[in-house]
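Participant: Quick one: the structure is below, questions incoming.
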Amino acid sequence: MNITKNIHEWLFSLMPETTASIVEMVLIAVVYLAIFAVAGLYLVLLERRVAAWFQLRLGPNRVGYQGLLQTMADALKLVSKELTGTLKADKFLYNLAPYFVIVTALMAMSLFPFTKELHAFDINIGIFFLIAISSIGVIGILLAGWSSNNKFALIGAMRSGVQTISYELSVGLSLLTMVLMTGSLQLSQIVEVQEKGGWLIVQGHIPALIAFCIYMIAGTAETNRAPFDLVEAESELGAGFHTEYSGMKFAYFFLAEFINMFIIASIATTVFFGAYLSPFGITENIPLLGVFWFLGKTLLLIFLMMWFRWTFPRLRIDQLLVLEWKYLLPLNLMNLLLMALMVLLGLTIQF
Amino acid sequence: MEKILFYILALIMIVAAIASVTSRKMLRSVIYLLFVLIGVAGIYFLIDYNFLAAVQLTVYAGGIIVLVIFSVLLVHHIEMELEMAKLSKKIITAIACLVGLGVFLATIYSTNFNVVENSKTTTVEDIGRGLLSYDAGGFILPFEVISVLLLAAMIGAIIIGKGDKLTKNDDTL
């Protein structure tokens, strides 16, 4: 984009090359951090309004127009709160844990193509990098559960570990099914393939649809949301792994959960629904509208995940594991073979 | 720029490695080890081996460390500390470590390293074709042997896990 190009040239004319590139990186990181915070806060508000809507209530609507400032006020309150902790907690790990969750979520954010130009980090292993990063996030949860020296937190963390390790497989395999059609892991190239031949979910019809369903189920499980929220099952575990966290540290976990939901929805948007591409190319000559399409599709998918949350009852831990290992995984492997066969025989729909 | 990054990564790795073996709390050692492994991934990124770096993150940082943390969670309590070794053992270990370090340093300083002029990023496609080709320089045989080994390991794990339920007629599963 023009603005970023201008800033880039201005920075490099002002400073020596090394300093300028460092300053540029810091600036990009700050911008993404701001997006991160705002997106997190407004997703919390959206969740509360959607929940209220499903339960025939009004939800937060007093602070600002239609409650738009409610979560900002909540955040200010959380900043001013006292940080408490248990007596025999492992202080070092206890303080470290939220950062694992936050940093991995932030790193994953940088990979998404919001428009053709607005794309911070286009690495050639794109999707694989996303999967690798998301597998580290669970360490933060495990650490939080163990170091707070609380049995409910510990049980929550153990459940989270089991759940994330299992469902990571399904997320990876269903994305791999789609990669078969693009022939590349790089996100910009995945979008390029869709620009030529239509969105991947249309191109790959039946197997792509199956892969999308599996991806959404596994993605919901990986973000520890209902109906897979055994990690923080309120009725049995208090608040799960973050029982002992308060104030801003709790807010980190809370924000990271919503950002992870955003990330799962964004990956689905990029891989299945053509990222910033408009339907039938109606706004093809206004590239800036890509942000609108990207966010629109992502918000639709997020709404779908919220719909899951307020519709389905929670699963038991054995049902959760049976669902993954006995149903999703074999289905996924067969689907992968089916897709490979289809790509080989040229049965995909091409425009 | 790359030099600075390398030294930062190296410093993190060395400090974390030393902390990992000297810490008396088990889970803290595991976390310091995690920092070492992430540092290795960072060095791979620095030399443009993106795929290897991501594998390092998934397999070591995401897989093995999570399993180790899991086993620590199962067997260890937060107040427990590892015991200190005896003085004689400490001395023997120190000597062994110094000898090992000496061998490494001697090898490194006696080799002439060639500087590669044009560094090229290895793409995933190259790696995939390399793994599955049976021409010269292909890796299809080791690839297949490893998959057989993994299958054997999986069957072994199931047999150990199920114990004598496999031989008895157990109709619960």
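Note: Cβ is positioned from N, Cα and C throughout, glycine not excepted.
TrEMBL labels come from automatic prediction, so no person has curated them.
Quantities reported herein were computed from a predicted structural model and do not represent experimental measurements.
Feature table excerpt (TrEMBL):
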TRANSMEM  A:20-45  transmembrane segment
TRANSMEM  A:92-113  transmembrane segment
TRANSMEM  A:125-146  transmembrane segment
TRANSMEM  A:167-187  transmembrane segment
TRANSMEM  A:199-218  transmembrane segment
TRANSMEM  A:250-276  transmembrane segment
TRANSMEM  A:288-308  transmembrane segment
TRANSMEM  A:329-349  transmembrane segment
Participant: State the non-local partners of the transmembrane segment (A:92-113) in its own chain: residues 6+ outside its ends, Cβ under 8 Å from one of its Cβ atoms.
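Facilitator: Hits for the transmembrane segment (A:92-113): 28, 32-33, 35-36, 85, 119-123, 126, 129-130, 133-134, 136-137, 139-141, 143-144, 146-148, 187-188, 191, 244-245, 249, 252-253, 255-256, 259-260, 262-263, 266-267, 270, 275-276, 294.
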Participant: Would the transmembrane segment (A:199-218) count as touching the transmembrane segment (A:329-349), if touching means at least three Cβ pairs under 8 Å and pairs must be 6 or more apart in sequence?
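Facilitator: With 3 or more qualifying Cβ pairs, these stretches touch.
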Participant: Out of A:20-45, A:125-146, A:250-276, A:329-349, which stretch touches the transmembrane segment (A:167-187) the most, going by CB pairs under 8 Å?
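Facilitator: Highest pair count goes to A:329-349.
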Participant: Near the transmembrane segment (A:125-146), which same-chain residues lie under 8 Å Cβ to Cβ, leaving out any that are not at least 6 residues past its ends?
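Facilitator: Counting only partners 6 or more residues beyond its ends, the transmembrane segment (A:125-146) has Cβ contacts under 8 Å with 90, 93-94, 96-101, 104-105, 107-108, 111, 153-158, 160-161, 164-165, 168, 171-172, 175, 179, 185-188, 190, 222, 224, 231, 240-242, 245, 253, 256, 260, 263, 267, 271.
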Participant: Which residues of the chain, 6 or more past the ends of the transmembrane segment (A:20-45), have a CB below 8 A from one of its CBs?
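Facilitator: For the transmembrane segment (A:20-45), the sequence-distant neighbours (Cβ-Cβ under 8 Å, at least 6 residues beyond its ends) are 7-8, 11-12, 14, 60, 67-68, 70-72, 74-75, 105-106, 109-110, 120, 254-256, 258-259, 261-262, 302.
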Participant: Report, as numbers and ranges, which residues of the same chain sit near the transmembrane segment (A:250-276): CB under 8 Å and 6 or more residues beyond its ends.
Facilitator: 36-37, 39-41, 43-44, 47, 75, 78-79, 98-99, 101-102, 105-106, 108-109, 112-116, 127, 130, 134, 137, 140, 144, 175, 178, 187, 190-191, 194-195, 198-201, 208, 211-212, 215-216, 219-220, 222-225, 241-242, 290-291, 293-294, 297-299, 301-302, 305
